[in-house]
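Please read the structure below before turning to the comments.
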């Protein structure tokens, strides 16, 4: 920890500020410096990123630098950015430096202050036990089950439903599991953050959640560090309270994007596709801290925007290596109205192993994937020659596959006001039973529309009766 000292602003280049100190007073890397912005009268936090010689440091501002000028006095706090952690933070909304931004007058009580930069837990502290986290979303629980204390990526281009799925998971964890969730809004739309806050207030799940935002309009420094702020809050509940916590990051691509902006401003030579040369290190520093220890776990769900739907782009490709499960959202399924638009063939999980999930679940999941793959292979023949040219066996496969595709959809609670269909939470054993019975041919006589946007298989049977009456 460096000593407290004072310096002066030397240069301001957008969000990058150079500060000069007296001989022997240099701050450490990642120390927080504070300057009062004369234009707003508010304190602005700068984080030290580089030592540039001549007793000067290069810092990144965590808020706008409009109004700063050369010669302004800067104070070194002598420690990294510290944010409030603990029960008192639940139900509140913060910015990157841990200041409440929800407009509430109440003071934050019952909290400690932890630095956002920490070493990950050592190998001896980490836990390796394997357990499934039930989400209540059929397509995920069946084909890409989430490991408790693992990392899950939601891959998808713009507008395929990543944020809606993240919001549904927060709701399900809070209401069905009574768990705590931390949400980091990284470089996404402020409007979406506002909607999330209001929806959570309405669903009465806000008291179990902490929201931390560094949105699109904020400088790259704030967007680059906001995920660490939320992670630090999650670490408190894991390490001190011994809880299983969920950490939602929307969107991890914006974290990489902000890192790329910061890197360029700090004068580093860009690497592949213009990304920062430190891409793997930046990602590793964040991801290695998201883990299970012997005290508790952090399960992380990360929405990952795929630029131009190119999965080989360095940002999504670097994220892939850290994940235990990948949920790929498909534009084709979204276009067909099959929500959640999860691609059942591209989505994978390391948990899909008979030794972990049991033989029955494994066989049903593989049976569903097999029949959907066969249907995909037959689609070219159907497009050219029509259904009539198929063998009876293939016709049956197509019929069952179309029912399975529709049964993989389900109404979500957070979209009730748009769809007017009440949301459904489906327990994992009901999910397995439903798909097993479809594969066995028990419902070959029911119309495929009966399986669309329902919860359990019993609801599909009931819907079929309603359709027959019409």
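Glycine is treated like the rest: Cβ placed from N, Cα and C.
Same-chain residues at least 6 positions away in sequence with a Cβ under 8 Å from that of residue 156 (ATP binding site) are, in sequence order, 162, 303, 304, 305, 306, 328, 329, 330, 331, 341. Positions annotated as ATP binding site by Swiss-Prot, on the basis of sequence analysis: 156, 157, 158, 159, 160, 161, 162, 163.
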Non-site residues, in chain order, whose CB comes within 8 A of the mean position of the CB atoms of 156, 157, 158, 159, 160, 161, 162, 163 at ATP: 305, 329, 334, 341
Number of Cβ atoms other than its own within 10 Å, given for residue 157 (ATP binding site): 16
For residue 159 (ATP binding site), nearby residues of its own chain (Cβ under 8 Å, 6 or more apart in sequence): 334
